[in-house]
Amino acid sequence: MDIDLMMRVYPFFLKAAWVTVQLSIYTAILGLACGALGASMRLSRLAVLRFLGAAYVSVFRGTPALIQLFILYFGGPQIGIQLNAFEAGVIGLGVNIGAYMTETIRGSIIAIDKGQREAARTLGLSGWQAMRKVILPQAARLMIRPLGVNINALIKGTALVAAISVVELTYTAQRYIGSTYKPFEMFLLSGVLYMIIIYGTGQAIKWLDRRARIV
Amino acid sequence: MTDDQTPFLDIRNAQKSYGDLEVLKDISLQVQRGQIVAIIGPSGSGKSTLLRAINDLDPLTGGEVWLEDMQINKKLPHRQYEKHINQVRQNIGMVFQHFNLFPHLSVRGNVTLAPKMLKGLSDAECDKLAEEQLDKVGMLDRIDYYPSQLSGGQKQRVAIARALAMKPKVMLFDEATSALDPELVEEVNLVMKKLAEEHMTMVIVTHEMGFAEAVCDRVLFMDQGVVVEEGPPSKMFRNPDNERTQNFLKKHLANANR
Ligand SMILES: Nc1ncnc2c1ncn2[C@@H]1O[C@H](COP(=O)(O)OP(=O)(O)O)[C@@H](O)[C@H]1O
Ligand SMILES: [Mg+2]
């Protein structure tokens with residue numbers, strides 16, 4: 001194993017790791033927004049919205065994320081959507097993971113005993129007040145861990161945007177392999193950095209989950 | 001009881017079906033202000049459905065429910081209906097078999113959530129209200145506990161305080177003591193007796209015949225979606241006319257003594 005080479009190139013990998021982190025953060029934020037919107041559509045009183053929410057979930061979970069990304073980045077310009085690679089990566093991955101998060105959020109909400117909603121409505125709270133003050137605070141605690149699983153998948157999924165040339169960890173490894181012919185070292189380096197990012201995120205989620213426990 | 005003879009709570013020809021299953025078959029029930037009515041009957045006879053129809057939690061498929069001069073189950077466009085029913089429900093307290101306390105809120109939080117949101121009380125007013133209501137049910141010393149730290153009987157007393165905090169005109173109890181260990185039933189019954197002494201109007205679905213006899217003005221026996229027989233507790237429990245009532249009570253006593 002060429003340790004010298006690894007020592008020489010690792011600063012560039014650190015830079016790439018930072019891109020991966022940024023990509024992950026923006027994607028997670030967009031994913032959560034799409035998930036919240038998707039879940040409220042899936043749970044809506046209106047059949048049209050329920051249908052749209054269900055369609056969103058089945059389309060984006062039912063096709064490869066890579067194809068979605070390609071359609072957006074390469075196909076986008078054809079229909080007037082001009083995005084740079086990073087933007088396309090965030091939007092493509094965010095909308096994709098949002099479909100999974102939709103189901104996570106919806107699942108946590110419907111897992112709350114329906115007696116909770118009844119008790120709140122019986123006191124005179126409106127449907128939205130009951131949701132905001134009674135259901136969501138409980139569901140939010142339930143969804144931390146499964147959302148953590150989604151975020152874990154999302155971080156690993158950012159490797160896909162190497163295919164549209166975003167200079168993140170996977171793309172950087174590939175590029176250095178091109179000039180060094182040392183795939184083992186280069187992929188090992190990026191793998192270790194992915195692991196650190198994922199481990200750190202996992203710990204943060206565990207911490208949040210512990211803090212949010214109901215007495 | 002007052003001598004006011006117009007009904008306070010008036011259920012007229014209540015009907016409820018789930019598909020082909022007729023759960024309530026044309027039930028009428030008038031409750032006067034300050035009156036306490038017990039509903040007894042076998043499981044599945046429609047007691048909960050009738051009780052839950054009163055605040056339109058399970059809307060009827062036919063018939064009307066009135067509280068004083070206001071129809072509760074009005075047919076209105078969605079938005080108007082929601083506004084109307086939220087207003088109505090503030091006047092009707094409900095206590096459930098499984099308490100349904102909000103586990104993420106303290107005892108104080110449970111009691112003050114609705115008054116704070118719906119009546120715009122200040123924090124100080126909320127605290128005073130919570131203290132008052134919790135004192136009434138003997139739970140003042142647990143005001144900063146969370147539901148998971150309470151026994152079943154304590155939870156149910158907090159649930160009663162939560163309902164009372166909205167100053168309801170009527171209280172509905174759906175088997176409030178059925179989920180409790182036998183030794184915890186009495187503390188909840190005592191709270192309900194206290195409400196009875198304060199002339200709270202109450203409709204109580206219960207399996208506690210002794211309790212019903214002691215506090216209720218009237219007893220309804222329901223079976224298969226109809227009111228089979230009704231009358232004062234002395235008559236209903238000592239010598240009911242109807243054979244089905246007799247059989248139910250006989251069976252119930254046999255079970256209770258086993
Ligand atoms: N949501 C529902 N869908 C279909 N049937 C129901 C529903 N809720 C209650 N029922 C039926 O209505 C009948 C009366 O139920 P309920 O009012 O809960 O009886 P009780 O409280 O006297 O035990 C039962 O046969 C029950 O199975
Ligand atoms: Mg019942």
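Backbone N, Cα and C atoms are what each Cβ position is placed from, and that goes for glycine too.
TrEMBL lists A:17-205 with the feature domain 'ABC transmembrane type-1'.
Taking Cβ pairs closer than 8 Å, the transmembrane segment (A:12-39) reaches residues 53, 56-57, 86, 89-91, 93-106, 109, 147, 150-151, 154-155, 158, 161, 166-169, 171-173, 176, 189-190, 193-194, 196-197, 201 in its own chain, all 6 or more past its ends. Under the heading transmembrane segment, TrEMBL lists A:12-39 (among others).
Under 8 Å from some Cβ of the transmembrane segment (A:51-75) lie the Cβ atoms of residues 38-44, 81, 83, 85, 88-89, 91-93, 95-96, 98-100, 102-103, 157, 160-161, 163-164, all in the same chain and six or more residues away from its ends. Positions annotated as transmembrane segment by TrEMBL: A:51-75 (among others).
Among the features that TrEMBL reports, transmembrane segment is placed at A:81-101 (among others).
The feature transmembrane segment is assigned by TrEMBL to A:147-167 (among others).
Look at TrEMBL and you will find A:187-208 (among others) tagged as transmembrane segment.
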Check: Any residues 6+ beyond the ends of the transmembrane segment (A:187-208) with a Cβ under 8 Å from its own?
Finding: 1, 6, 9-10, 13-14, 16-17, 20-21, 24, 144-145, 147-148, 151-152, 155-156, 159, 169-170, 172-173, 177
